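TrEMBL has this to say about the protein:
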BINDING   ASP28, TRP29, GLU31, ASN33, GLU42  Ca(2+) binding site
BINDING   HIS92, HIS221, HIS225  Zn(2+) binding site
TRANSMEM  43-63  transmembrane segment
TRANSMEM  75-93  transmembrane segment
TRANSMEM  105-123  transmembrane segment
TRANSMEM  135-153  transmembrane segment
TRANSMEM  159-176  transmembrane segment
TRANSMEM  188-215  transmembrane segment
TRANSMEM  221-244  transmembrane segment
Amino acid sequence: MYLTTLQSKLDSTPTNENPFQLGSSKVDWCEPNYVVSSHIAEFWNTISNIFFFLVPPVMIFLFRPYSKRVANGIMILWILLIIIGVGSVYFHATLSLVGQLVDEISILWVLTAGYALFLPSIYLPQSFRVQRHRFVYTCVVFAVIITCLSFVYPYANAFALMILGLPSIGFIIIHLKRSDNSRIRSLGLHCFGMWVVAVTIWICDRMFCSFWLAISFPYLHAIWHVLILFSSNEAIVVCGFLTIKHQNPQANLHLHYWPNELWKWFTLPYLKFHDDSDMSDDNISTKSII
């Protein structure tokens, strides 16, 4: 049984006059508010975002050689993941409408950037295949439009983002089946498995909150934060590998795990070129993807 909170659960009706006001968002997750701290609405949902600030910087460091060799803007995705962490911390700490929008809009831009970088050219119109930059510009325009629409009915944003992310999982699975690299296929399956568990946890937290409160375990959304961060990180690595191997099957690109290969699923995967001589005079462009 929970102790009496310092502040009752915030009203779910948004305060239109001040979107920065505490509790102005319609979305209020299952974790009771202001139980652990009088200054943080959902303490564990806030703290669980720590990995958004720890993992991306390490990945940016590990991928420096890859980024210089490929020059495909993959670093943007990890920078956006950090921004998601900032938005999520602000949202869960305040439950404000502005916090919710920053959190969800950041996710929108990560998904859009992922499509712009990695969506296979075979799924694009001919004009976009020839001039990939047109597709990138279209993705930017799309993200701007959806960003504006998100202010109209914020409550639907999370479900819309989930739907937007589904095709990416399908693309990864399809192209993993065509890969003959057992290590990358194993990583892809692990990524997909974590994603399924994460989404299931997200839905259970939203749909069965009364049950989790009854057993004093309303922390599923905090677990979602951890799983979706590591799943997204692995998806970036998988897509980065598939992209290069499609464009140059002879590329001597290998999957590694940091800090220790033996730990595997408790480490961070990254890609490394082992043969400096192959494609040594040219950077690999990722304007045509997979």
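Using the three backbone atoms N, Cα and C, a Cβ is placed for every residue, glycine included.
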Q. Given the binding-site residues HIS92, HIS221, HIS225, which lie within 10 A of TRP29 (Ca(2+) binding site) by CA-CA distance?
A. HIS92, HIS221
Q: Report, as numbers and ranges, which residues of the same chain sit near the transmembrane segment (188-215): CB under 8 Å and 6 or more residues beyond its ends.
A: 29-30, 32, 162, 169, 172-173, 176, 179, 221, 223-224, 227-228, 230-231, 234-235, 238, 265
Q) Thinking of Cβ pairs under 8 Å, which stretch from 43-63, 105-123, 135-153, 221-244 has the most of them with the transmembrane segment (159-176)? A) 105-123
Q | Intrachain neighbours beyond the transmembrane segment (105-123), with Cβ under 8 angstroms and 6 or more residues off its ends | A | 72-74, 76-77, 80-81, 83-84, 86-87, 129, 132, 135-136, 139-140, 142-143, 146-147, 150, 157, 161, 164-165, 168, 171, 175, 232, 235-236, 239-240, 242-243, 286, 288-290
**Q.** From HIS92, HIS221, HIS225: binding-site residues whose CA lies within 10 A of ASP28 (Ca(2+) binding site)
**A.** HIS92
Q.
Can you work out which residues elsewhere in the same chain, 6+ from the ends of the transmembrane segment (221-244), have a Cβ less than 8 Å from its Cβ atoms?
A. 29-31, 42, 44-45, 47-49, 51-52, 55-56, 59, 63, 66, 70, 72, 74, 77-78, 81, 88, 110, 114, 117-118, 168, 172, 175-176, 179, 181, 184, 187-188, 190-191, 194-195, 197-198, 201-202, 205, 251, 253, 255, 268-271, 284, 286, 289-290
Q: For the transmembrane segment (43-63), find every same-chain residue at least 6 residues outside the stretch whose CB is under 8 Å from a CB in it, and list them.
A: 29, 31, 35-37, 74-75, 78-79, 81-82, 84-86, 88-89, 92-93, 219, 221-223, 225-226, 229-230, 233, 236, 240, 258, 268, 270-271
Q: Consider the binding-site residues GLU31, ASN33, GLU42 and say which one has the Cα lying nearest the Cα of HIS221 (Zn(2+) binding site).
A: GLU31
Q | Among ASP28, GLU31, GLU42, the one of these binding-site residues whose Cβ has the fewest neighbouring Cβ atoms within 10 Å | A | ASP28
